[in-house]
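Below is one structure; the comments refer to it alone.
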């Protein structure tokens, strides 16, 4: 049986010493299980450093999935996160995208991006 999966996308304000503004669009999407979804994180001009992706599910603490090291153009996964589940890439200098692959019911939640330097 195919279940419809709702993935709610949102953005977390940056929170650290030397923060950059994120310009996020909050939206929700519904995708079929087994399909993919894409989340966009728009960064303010001149943003650099580390861009973090989080998942917050009801009743649980937010979980960091991965971060993108813009200095070295590489993605670092959190321990326990499946390497094939998420794909992150910089589509432009001020735009980072996260692709969620092979969606399952447990992927439901609020996805956030946040950035800071140092």
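We number each residue from 1, going along the chain as drawn.
Each Cβ is built from the backbone N, Cα and C atoms, and glycine gets one as well.
If you check Swiss-Prot, you get these features:
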type	residues	note
SIGNAL	1-17	signal peptide
DOMAIN	18-118	domain 'Ig-like'
DISULFID	41-113	disulfide bond
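Taking all protein chains in view, 29 other C-beta atoms sit within 10 angstroms of the C-beta of residue 41 (disulfide bond). As a whole-number mean, the pLDDT of the domain 'Ig-like' (18-118) in this prediction is 84. Taken residue by residue, the domain 'Ig-like' (18-118) breaks down under DSSP into 3 helix, 56 strand, 42 coil.
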